[in-house]
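Enquirer: Can you read through this structure? Questions will come right after.
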Amino acid sequence: MVVQQHVLNWLYSVLTSEYHDVNRTYSDVAQALSQYPSLSPRTDVHTFPNGASALLLHLSGTIPVLFRGTTYRFPISIWVPHAYPREAPLAYVTPTETMVVRPGQHVDPQGQVYHPYLVGWPTYWDKSSILDFLAILRDVFAKEPPVIARQPGRPPTQQTPTPTPPPVPPLPPDLAPSPAPHTEAHAGRNDPNRPPPPPPKPGANPPELQQPGLPTPAQISGPAPPPRPHHPPGIGRPYAPETSGVPPDQQRFSRYDSAPPLPPQGPQPPVQPATSSFPAQPQYPPQHGLPYQGSPPPPGHIPTPFPPAQAQPQFPPQDPRRISAIGPPQPYGTPPPNWQQPQQQPPMIQPQPQPKPPPAPNLLDEDLTLTIPSPSNVPAPPIPPNPEKDALLHQLAHTLYEMRQRARAQNETSLQGLEAQRNAMDAAAAKLQAESAQLAQLSALLTSNTSVLQDSLRKADAVIESSARHPEPNIDELLVAPTVVGNQLYELVAEERALADAIFMLGRAVERGRIAPQTFAKQTRSLAREWYLKKALVRKIGVGMGLS
């Protein structure tokens, strides 16, 4: 494509200001613009890595690249330095808003292009040009695209609510505990192998349990404090959940709604007539499948059984505390005799003096560690099969099998050609070895001939040097016949040829007017007579020597 004339005029006017080789720069840039019409020239300020800035010629645009059968246009920018062509141009990949730079072997994360062609530019600057560099860039980008499409922003992930675990199934009827007096409940609480009692049913709480200031399930699950002389308000009272303002049908069920399964019970030890530091507590039948009336305990909290209380001195059978402790449960609406309001609680009546118990410890100083029961031995249910996953695995296995079969078929078809190439290469290697042996023999022969020739040349040089010191021989002495008659024959033949040449020259002289005809006739007769005699004698000698 022909570059417009006003663009060329502007380009030349820009280059004449600071560029060293104006003509070469103008020619290379014009050729690049003619070959790649998508590039546009302009002048911009370029900042070098050392911080210096300069006003350089800037070529920006796209270059077409054939990648996997499709032509793509990759955006690039080329900065032409002032010392061009002594210095190599600077090339950058300039991605658009929908692209990002793809770092590779020749492109860094900032988009600058590196190539051995640019490294060797200062050495071969007279043979390098921007047009050749753009052709190299097209080949490089055809193998490694410099940019890729920008990935769209992912929407924020929404946290999925954690599903509530299913409730624990209730106990079978044969394992469900039956109501027992307070003494059995107290003994079971002292047994570390028995679980805590389940919560009561909603609406069935006795009036004496619906009192403010009662402990929470977390307080009950803690370790029992040591004996103390009296019961301060809110300490050591039986569990009574607070009445919530939310109707029972709107309360959320959890897996703490029912008691965990009971382990196998062993034979219970006989009840000892002992009293605890805590007053007697009524025991209620366990209820299953009902939610708490108050706030549910925190997740992961499971009530732990009380440790055995310290034994106190035995009381006689008529002790009123023992009677109240082992007596039957009181009917609803009537508080038990050993329970009174915290404000009206009188001191306990003791028939005989007892040692003063140790002072009550501060509950805030005790450890808050909880005893976590062992997990259930029931195995988890098997994971149901996923049909979509099975279909994907089957399709993937089928695809891999087909790919392996195709690769195997291709390898088998290429094995024959590779085997033929191997045989040809083996034959060529054997032939090369034979020719190498022949060449070694020829080299040895040439070496010996060269040495012989050098010896002969040295001898010839010695002969030439020695002959230069001898006098020159007579020409008539060089040709000598083996016999005297032979020497006479040589002389007669030479004289006969000389007479013939003389008669010939006389005839030419007469033709040219050099001599008179009379002189020619006289000389010709005498020479012819002598010539005839010489020829007769030569014939005679030849017959005598057997030469005829």
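Glycine is no exception: its Cβ is also placed from the backbone N, Cα and C atoms.
Heads up, TrEMBL stuff is auto-annotated, nobody curated it.
Quick paste of what TrEMBL says about this protein:
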{"type": "DOMAIN", "residues": "6-151", "note": "domain 'UEV'"}
{"type": "REGION", "residues": "147-381", "note": "region 'Disordered'"}
{"type": "COMPBIAS", "residues": "162-180", "note": "compositional bias 'Pro residues'"}
{"type": "COMPBIAS", "residues": "183-192", "note": "compositional bias 'Basic and acidic residues'"}
{"type": "COMPBIAS", "residues": "193-205", "note": "compositional bias 'Pro residues'"}
{"type": "COMPBIAS", "residues": "260-272", "note": "compositional bias 'Pro residues'"}
{"type": "COMPBIAS", "residues": "294-318", "note": "compositional bias 'Pro residues'"}
{"type": "COMPBIAS", "residues": "328-361", "note": "compositional bias 'Pro residues'"}
{"type": "COILED", "residues": "415-445", "note": "coiled coil"}
{"type": "DOMAIN", "residues": "483-548", "note": "domain 'SB'"}
Enquirer: By DSSP assignment, list the helix, strand and coil residue numbers for the domain 'UEV' (6-151), in that order.
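Expert: Tallied per class, the domain 'UEV' (6-151) gives 48 helix, 47 strand, 51 coil.
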Enquirer: Can you give me the average pLDDT across the domain 'SB' (483-548), rounded to a whole number?
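Expert: Taking every residue in the domain 'SB' (483-548) and averaging pLDDT yields 90.
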Enquirer: Summarise the domain 'SB' (483-548) as counts of helix, strand and coil residues per DSSP.
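Expert: Its residues divide into 58 helix, 0 strand, 8 coil.
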